[in-house]
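Chemist: The structure under discussion is supplied below as structure tokens; questions concerning it will follow.
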DNA sequence: ATGGCATTTGATAAATGA
């Protein structure tokens, strides 16, 4: 069972790459962020033709999330029911006995801005809701673009990022509060190469110089973490023509006992 | 180097991203 998260930075532009990637990486579940599409423009037929069920919630220009699945999708929830939000950043569903939550956590712009306080309020409410969801669903996975680099290991140059969003103590504390609910950062369950990142700036040769940050994560509840046998970043599609600035991150679970 | 690049929009410069 393979679970992937990928911020595609416009599904309109990136649909061919998503389909191409799925051909060689036929994962069970793919959580997508930043579709940037209203629901009437979502390429449902193309995705279904590729052999995937799909659910989505989107808006014009910004945000938008979707879950693609080889297995039937049930009990779909759009957005956090505890957090009034016009921005479409969450979609959750039950798939193959797991509660799958796909999230595009706010960027936060910069500490001290309105967007930053929105991010912190958003995360606080996510935590409250997740606690309820975990009580209902022991098998839970939270996949997405967190816009948080949890540790200095997750930043190419921590000194250069000092004082920025993605790395601030407030954001890292919010991330650790999610972990404290009983979630595991599947990437850190395993030995990983140093300087493994999931996002690289389009500018200033970010990818070529590996000036990245690790902000896309697959968090697993304890029963799923116990089944997890790998978690890795696939840098290949970041090298393609006109790529997303994010790479897909995949966790693999062995079958339940 | 308060820029650099990509995407979107009742575009044609501005906002947003991270």
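The backbone N, Cα and C atoms fix where each Cβ goes, and this holds for glycine too.
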Chemist: Considering the Mg(2+) binding residues A:34, A:145, A:147, A:245, A:246 given in TrEMBL, which of A:7, A:79, A:210 is annotated for that site as well?
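Modeler: TrEMBL names A:7 for this Mg(2+) site.
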Chemist: If you count the C-beta atoms lying within 10 Å of each candidate's C-beta, which of the recorded positions A:34, A:145, A:216, A:245 ends up with the smallest number?
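Modeler: Comparing Cβ neighbour counts within 10 Å for the recorded positions A:34, A:145, A:216, A:245 gives A:245.
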Chemist: Around residue A:147 (Mg(2+) binding site), how many other C-beta atoms are within 10 angstroms of its C-beta?
Modeler: 23
Chemist: How many other Cβ atoms sit within 10 Å of the Cβ of residue A:246 (Mg(2+) binding site)?
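Modeler: For residue A:246 (Mg(2+) binding site), the count of other Cβ atoms within 10 Å is 24.
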Chemist: Could you tell me the C-alpha distance between residue A:104 (active site) and residue A:145 (Mg(2+) binding site) in angstrom, no decimals?
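Modeler: Checking the Cα atoms of residue A:104 (active site) and residue A:145 (Mg(2+) binding site) gives a distance of 5 Å.
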